[in-house]
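Everything below concerns the one structure shown next.
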Amino acid sequence: MLKRLDKIRFRGQKRDEFLDLAESPNASDSECNDDLLIKPRVSIKDAEELRDPAGPGSLTMAAAIQDYQRTEADRLNEVKGHLEIALLEKHFLQEELRKLREETNVETLKQELDKERSKRVDLEQKMNEILKTRYEQRISFTSSSFSPHPIGNGESMRSKLWKWLYERFGVYIEDFRFQPEENTIETEEPLSAKRLTENMRRLKRGAKPVTNFMRNLSALSSWHSVYTSAIAFIIYMNAVWHGWAIPMFLFLAILRLSLNYLIAKGWRIQWSIVPEVSEPMEPPKEDLTVSEKFQLVLDVAQKAQNLFGKMSDVLEKIKNLFMWVQPEITQKLYIGLWMAFIASCLLPYKLLGFLIGLYAGIKFFIIDFIFKSCPKLRDKYDTPYIIWNSLPTDPQLKERNSATLNRRPMVARGSLAAGMPSGIGREEESGRAYSTKRGPFHEVFNLSENERPLPVCENGWRCCLINRDRKIPTDYIRNGVLYVTENYLCFESSSSRSTSSKKNKVIKLQDITDIQKYKVLSVLPGSGMGISIATPSTQKPLVFGAMIHRDEAFDTIFTQYTKIIGAGSPHLL
């Protein structure tokens, strides 16, 4: 086997190519060793065939070479064996370590599980013992109470009787046992556009009966159908006159449920004062693009925002009504409640119900119809409508508080203005009131003191200026605030310092050649959030993008631009 391996591994030159050792030049021991390592090795069979008949020492040299090769092969095989053994030991040790770790974890878990099981068994035993003692105490108590001198079979019959009663009705008694309430945590679903739209549709379908009922009531009070409203008014007033108002409402509820039962069974019954308009239902799309998904989420978010806003307004108005936020309004409610309380104490309930029903009928069928037909009368004399509209919401209260806080320094400033010289006019004083974060407005943009922002944009509109003529990224896009004055369009860069106004932009409104609404990213849905303004000094139009109030800013700039152009055209003619 070793010979075969040597033949495979050490195939080299033929024996004719080997130099005779006797003919080789004299060399040191180290050189000879190097030559032996570099030259291809001779196999055992070839070594045996190396015989030089001319030299008597050739056999001894061949034997030495053979012994050397054997010893070297043995050494290599020994080193290989040690290396393989070391690798196997390392592998086995790693496996044992992994198994030991797993076994330790499993063992600890098993121990904890056994402990919990033993605890559960102990608790069950204790509970059974307690129930058994209570049962025995009840039996002994009942037997002692019914028979002060129990004797023989009578006691056993009573115990059996009580045992049978406990087994029969003990389950119902256990239901009245007090237990702590379990707090269950509901898992929240991840955000999904499909789920969001489906929930909005479900909400719309669920609220449809309520909205239809309110719409029918509104149509009934506004006499949308004269015959239906007249019949309803006569029936209602007749029921109130005879004291049948409550039975009439109960009968209407029973009639509605009966109609719903017939509709559920397949009958086609449709009755409504206002004809229902069937809205087209769009089939849900499965494969939506990114733009369509984004637009869908925006639409649903807008509907949810408006719905939550209306609900918040109603709740906040009710809260502010009862919390005396508007004292003159809550005072009317307070007086009305006192009058209703005194009337309920003095008047009989039959007369009180008649008066309430009579007032409700006249208010619903006649007064509301007049107020809806004549809005000016409603604004003057409809007390509930006036109270409800005058009730403030929380955002309105914050605006009022901030307005009062802003007015206080203005009053102090006006009181100090009396001591100022008469040479300073009101226009100069009002011009100094307008300032930006960098300093006074006219100093930041190098304008005259008369130039100040319009009342619509006193605080400016946050936006970014996109100058497509510039190649450097820092000059290409700048974040800042846009102002509009009577004659100029001013952009204050947020990166500009107070001592330098090189990055600010001032455009004269007369120099504008074109102004349009602009969409910076065509991928996003909607009409965009930018304004494009072209001037003779720029090759490409300037774009003011990322404006939240884009439409308001465009309308303001366009109206001021047309005003200036219209004022300058007669002079040109």
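The backbone N, Cα and C atoms fix where each Cβ goes, glycine too.
Taken from TrEMBL as is:
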COILED    83-133  coiled coil
TRANSMEM  217-237  transmembrane segment
TRANSMEM  243-263  transmembrane segment
DOMAIN    439-519  domain 'GRAM'
Near the transmembrane segment (217-237) in space but 6 or more residues beyond its ends, with Cβ under 8 Å, are 245, 248, 273-274, 358, 361, 364-365, 368-369, 372
DSSP composition of the domain 'GRAM' (439-519), residue counts helix/strand/coil, works out to 14 helix, 30 strand, 37 coil
Model confidence over the coiled coil (83-133), as mean pLDDT, sits at 80
